[in-house]
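> A single structure is presented below for examination.
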Amino acid sequence: MASDEEEEEYGYFYDDDDAEEDAAAGLEQAAAPPPERRADYWAITQESLPTAQKEDLSTVMNLLNVKQHQARALLIHHRWRMDGVYDRLDKGRERMLRDAGIVLQENNIMAAAGSTMPWRIMHCNVCFEDIPMGVVLTMDCGHCFCNDCWTQHFYAAVESGKKQIRCMEAKCPAFCDEDHVRRLLGRKYPEMAKRFNRFLLESYLEDNDSVKWCPSAPNCGRAIRVGTGERYCEVECPCSLSFCFNCMAHAHSPCPCTIWEKWNAKRTEGENIKWILANTKSCPKCFKAIEKNGGCNLVRCNCGQCMCWLCGGGTGLDHTWTSIAGHSCNRYKEETRGKTADSSREQMQRYKHYYDRFKIHGDSYGVEKQKLGPTLLERVRLLEADLKRPLTIRDGDWLIRAHRRLLVSRQVLSRSYAFAYYMFGGELRTRPCGRAGLAVARNLFEDQQEQLEQHVERLSELLAGADAAAMPEAEIVQAKQKAVTLVKTVERLCGEMYKCIQDELLALLVEPMTIAAYRPDGPDKAEELTA
């Protein structure tokens, strides 16, 4: 049983009667995971790529009653954004297709009649030969040329890397039918026909704002598709890599992409700054860092200023090995900073403050994932193997869920210090009307950060000591209740911090920034799209 002090620390009182009641009930309701929702993210492989592409093509073909190559041209024009197609559809079907360079065959009498009169003779304006209509190809736009000229036109276009081939007629914006391109190339240049098919598939990835390759290294070969309008989101690939879909960096919420990029660039300086602070002192005149590698305590800067190495104060040149003329620093004096204070060293001290906390929580995440995780799995296995205990007691899922929440909240805490370094450092431009509210929002953020830090450490301590397999049943129920309470508190604080960052702090900036939504279990995992 926990002591009264421990119960007060977690903010609730838990007696033996409660333990017996919860043991009977199993705490299923309190510890139940949130209901699962259908994934909005899909992992696309080389095998499932045609299926993914066909879904969008079929939607547009049925919506507008157009051919496949016309639907593809329209989607590429809108970068495969279905919401863009729906928005332009409000202005009229004909205008939308015309703006995308799409010409319907139904509007061209010659194109429709070309296949019904094969006995006619037609003059090809490319090779200047008279060709029977049976070996002439007419596109949707009504322009017709002989098959040999079309074939060479298709070959040259594919060889230059084009996936959308326009009509040969000068200034004609119409796109050629993909089936015609495949058929003619397949007769004379089968390898080029395969290359054209590959271009069409790759267009779904290269020209699609909703699909991006997983940035894993080595690459897992999957592309991730997200829902329309979900640019600022974080997703977990089936290869287990979590990344930001907007900037393609590792998941970094609640830190916006712009700030995270700045922080990563500056992190390379972290160890250098710590070394400078530990091994150098600033000249009191020019504020340059000075390293002492021997000699007495009087140091002379390149600018000519002499200083005492013990206190960093300016001195004259007269000195002996044991003393400096007119200078004494054995008595402690309260430091007063004026306009001559070393601002560069203060900036390094400020960076060290945030960097140390960023790294501490990052290191804790590593330990809790690599060491605590396997330990908890083994404890759960032993607990569930003890058939003498009631089924509700043997259920160890609460440990696994609490551990997952712990890892996510550790990452949130670590990244929140990267955000705070830039948000409150004066480097980001704030709106003139919002400067007064920055101090209030900062206090709110730092209070939430402090509370989250305390509860995360409590949850970590609880899980580290929760050897459920060796506990009596009453203690298991009590530990379970504490874990459930802490998990709920941590989730609430994380959610409030995300809301404060997005609604209170980022709203004050001149440059608009957005963060991914908070997910208690971390980024949603993409589902494999079946071929």
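Heads up, the Cβ atoms here are built off N, Cα and C, so glycines get one too.
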> According to TrEMBL, which of these ranges is region 'Disordered': 1-37, 186-222, 260-296?
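Region 'Disordered', as annotated by TrEMBL, spans 1-37.
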> Could you tell me which of the ranges 54-85, 86-117, 150-181, 438-469 is annotated in TrEMBL as coiled coil?
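It is 438-469 that TrEMBL describes as coiled coil.
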> Based on DSSP, tally up the residues of the domain 'RING-type' (124-173) by helix, strand and coil.
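Result for the domain 'RING-type' (124-173), in helix, strand, coil order: 16 helix, 10 strand, 24 coil.
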